[in-house]
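Data block below; observations after.
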Amino acid sequence: MNGRMFSFLLGRMLWVDGGVFGITWLAAQGFRQAHAVYLCIPALVALGSAGILQYVSRRHRRSIHVRESAFYMAFLWLIMSILGAVPFYLTGAYSISDAFFESVSACTTTGLSLYPDLWQQMPCLFTWQCMLKWLGGLHFIILLVTVVPQVSGCFGLFLSARQGMSFSPVIHQMEERARRLAFVYAFFSLVLVWLYSQAGLSWQQALYQSLLTVSTGGGDTGADFRYYHRFSVEIVGIAGMLAGGGNFLLYSKGGFLHCLKAVYTDVESRVFVGILAILSLLITADLCCHQGYTLRLALRYSFFQVVSFLSTAGFFVTNIQQWPDFSKFILFLSSLVGGCIGSVAGGLRIMRGIILFKLAAQEMKRTLHPQMVTCLKVNSVPVDRKIVSRITGYFFLFIGVFFISAVVIAGSGVQPLTAMGLAAGALSGSGTTAHLFGNITIRALPAWTKVYCALVMIVGKMEIFSFLIILQSGIGYIRRRW
């Protein structure tokens, strides 16, 4: 592995982290929040480390290979999570394992928190948590067009972006695409701040809500929609979650009209809207029949919650633990499906589901007509058989990691259904699935369970294949040493 190239990438990442950490510290100082001084420590460490790494890697080659990409993804989330854990630990309210869990949950936009009322208890840490979630979403957006297509050949980005977007390991091409998507991400964030303020929130509340919405990192925080009781705020939240769960590659293809046309003609986007409509109607019917909801209220709550779980944002607009099991199960499945392929959302991704369904239909036809020559296409783009086989393998790995994690978490004394919800939340990035099938106090879990859940969050954000590449490299190194 090329150490200089690896150092260069980490250095660039730490420049961004240090800058955002510094802005967060200044914001906390401006809000006159206690413990704000702790936020400057990660900023100084990140900026200092970035300077050293940039100096060491000043003569690096201009391309990156698969193994370097996989290690970069792993170290990115680990280093960012360790730096993010520092303020949590220094306040004295968190142990080392608790601080690591809280930081990983924020950086991977999972949304689980040991203190759901963090905004009331420690506003400074809530500010830090919101910015970590926003920064985690920004990093993932940048990874989408840089190293993810190399590491996870089953990601299928080219199927969505069509011929207008090609992916290359050359650094200057990575930087150009990353800047474009980062601009779109920041633009959406600013627009949401303004919309939330127009909906009646204070500028500080609007800022927090925007950071959590566009990053799809809501979860059980003090910025939950249950506390606002305003339909206008819910509408803005739905728009923000739809944007976060949509394809950012399509958003960056041109002007507003060009972007709308690209989204309208994209198969994945239409399937996304279709799933939203169908699941919302199913939950609406269930609530009207078994809970006595009016049609208007059932539509309002069901559509919001389906958008929230499908985009893996995990916001609540009402207490859904009192909903029928059928509705909660639909929301659980929604979080596993996830958003579009080029989105901040987690989950299996809709594009992969489309390809798997097309593959199943194709195999049924070939069973009836064995000599039939078929070509699987998405958005009029032929899908290579290698991509299809990787997506099939990824689906198996995703389900396998989910069930193994559920068994491990259940081993700590958690109820089986709740363990499945927590495992799904950690893997898909929608942490609030843990609360669908019963109350669970994350703070009361054993330390090893919290660390394991944190690692599952990182594996889910790394798209699993990156973790397998690192594991294979480690096993190969041990064999060579022996």
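The backbone N, Cα and C atoms fix where each Cβ goes, and this holds for glycine too.
In TrEMBL this protein carries:
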TRANSMEM  12-30  transmembrane segment
TRANSMEM  36-57  transmembrane segment
TRANSMEM  69-90  transmembrane segment
TRANSMEM  138-159  transmembrane segment
TRANSMEM  180-197  transmembrane segment
TRANSMEM  231-251  transmembrane segment
TRANSMEM  271-289  transmembrane segment
TRANSMEM  329-348  transmembrane segment
TRANSMEM  394-414  transmembrane segment
TRANSMEM  420-440  transmembrane segment
TRANSMEM  452-478  transmembrane segment
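Sequence-distant residue pairs (6 or more apart) of the transmembrane segment (452-478) and the transmembrane segment (231-251) include fewer than 3 whose Cβ atoms are under 8 Å, leaving the two stretches without contact. Of the Cβ pairs linking the transmembrane segment (231-251) with the transmembrane segment (420-440) and spaced 6 or more residues apart, fewer than 3 are under 8 Å, so the two regions do not touch. Taking every listed stretch (12-30, 36-57, 69-90, 271-289, 394-414) in turn, the largest tally of C-beta pairs under 8 A with the transmembrane segment (420-440) is reached by 394-414. A Cβ distance under 8 Å defines the sequence-distant neighbours of the transmembrane segment (394-414), meaning residues of its chain 6+ beyond its ends; these are 152, 154, 336, 348, 352, 356, 420, 422-424, 426-427, 440, 445-446, 448-449, 452-453, 456, 459-460, 463-465, 468. Counting same-chain residues at least six beyond the ends of the transmembrane segment (329-348), those with a Cβ under 8 angstroms from any Cβ of the stretch are 109-110, 137, 140-141, 144, 155-157, 159-161, 185, 214-216, 244-250, 268-269, 272, 275, 279, 282-283, 305-306, 309-314, 320, 395, 398, 402, 421, 424-425, 427-430, 433, 436-437, 460-461.
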